[in-house]
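Right, one structure below, let's go through it.
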Amino acid sequence: MAAVQRRQPLPPASHKLRRGEPACSGTAPPPVCRYWKSGHCVRKPCRFLHADPAQAPPPSVVVAKKRSNTWVNTSSKIAKPSAATDGGEAAVPPVPPTTTKPSPATNVVGAAVPPVPPTKPDQPPVRVQEQPVGGVWCVGDGIRGVARLEGHSKAVTGVAVPEGSGKLFSGSLDGTVRAWDCATGQCVRVAPVQEGEVGRLIAMGPWVLLGVRGAVRALHAGSGNELRLRLPAAAAQVTALLAEDDERLFAGAEDGAIYMWRLDRERQRFDEVAALAGHGGHAVASLAQGKGALYSGAADGGIRVWDLETRRCVCSFAGHASIVTALLCWDRFLLSSSVDGTVKAWRSKPDHGDVDPELEVHYTHREEGERVVAMDGTHDAGKKPVLLVSRGDGVVRVYDLPSFKPRGQIRCNGEVTAMSLRTPGVAFTGDASGEVRVVKWTPAAAS
């Protein structure tokens, strides 16, 4: 695919200055020509600056409308590109030294947590740890570390809060699912999984869904009803799960197949709809859904676009040099991350229509020297879009969108392999050490 040679930030949802509008008047200098900065201005003369004015303020990020917390794309296809604007990058603030003593443990809403009772000898210890005052593991503008939940002995592969349960569920490669009380932070249940390792865990309404070997297990958090959705290949491990619209469930397997079910709410069951094949035997590592389209990323770096009405692949391309660890539909773009250390923003080529669209790279963000093992997006306390990027060194970086300006970081004991951002105002992470961390969004400082 054609790559953008000059790195540019993603365009904001709307622009203060549009083509045909007059330039600034008075003593303020005219704005810099965005086409000149990208090397494509052909206007002679051009009424905008073809130079960087001294001490020019960075461009502002304007968010035109509130979007859903899960960032479901609003169109069945990725929209055609619009003109881009430029913006700078800022460094992540250094972690401040602290000599303060730890504060009492608190729950996700800041209430005091009673001491955790002693565990049984045959169970691993469960502890709720609160960060010291001033924070050493969560720093940044508009984010605050709340709690650390320890209990899993291996990597956490999924965290989710099903509707109406008041519980946080976590799944792990240690073969267990834990339920944590959101009011106290205590582990209230440890359930072993018959199939062994939990490959993925997500929530779909009141349902907790586990991706295991040969099946997807569904547990209704309210009624306790359990279902087992079997895969045709009994030995295939589920490697990706997606339930974006609370109606359709998608499961990607290590054999490259994608399975689709539809939830029958009246009968409280999942009806099998289709099986999609096309990744050539490479494991499906990530899934994302836009209205009318499904996007899948594989272990070989390939990305496929599926029409959900016809259930056929309408676009296939080599997205990355290695595993595609996450996909996300945001605004006009498809975002993808990979262990090759990049996050890419894709858009439809301008010379292609809505039928069989072809994508091209609009912007590439690089985590220098580090793998990107997970990625997800949400809105902060001020309803502004933010992107969380998990790196191989155990740091989750928080970026503003569309500028990719760093605003904070979450430091964990190992690489964060699972994130859940669907609960308003809260973010959950699970890392390779088996620890779950809770982060709250707080009002950001005025810029």
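Using the three backbone atoms N, Cα and C, a Cβ is placed for every residue, glycine included.
Look at TrEMBL and you will find 27-53 tagged as domain 'C3H1-type'.
Residues or ranges marked as region 'Disordered' in TrEMBL: 1-29 (among others).
Annotated region 'Disordered' per TrEMBL: 77-108 (among others), in sequence order.
Under the heading repeat 'WD', TrEMBL lists 149-190 (among others). Secondary structure of the repeat 'WD' (149-190), assigned with DSSP and counted as helix (H, G, I), strand (E, B) and coil, comes to 0 helix, 23 strand, 19 coil.
Averaged over the repeat 'WD' (294-316), the predicted model reaches a pLDDT of 94. Residues or ranges marked as repeat 'WD' in TrEMBL: 294-316 (among others).
What TrEMBL records for 27-53 is zinc finger.
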The repeat 'WD' (294-316), counted residue by residue under DSSP: helix, strand, coil: 0 helix, 16 strand, 7 coil
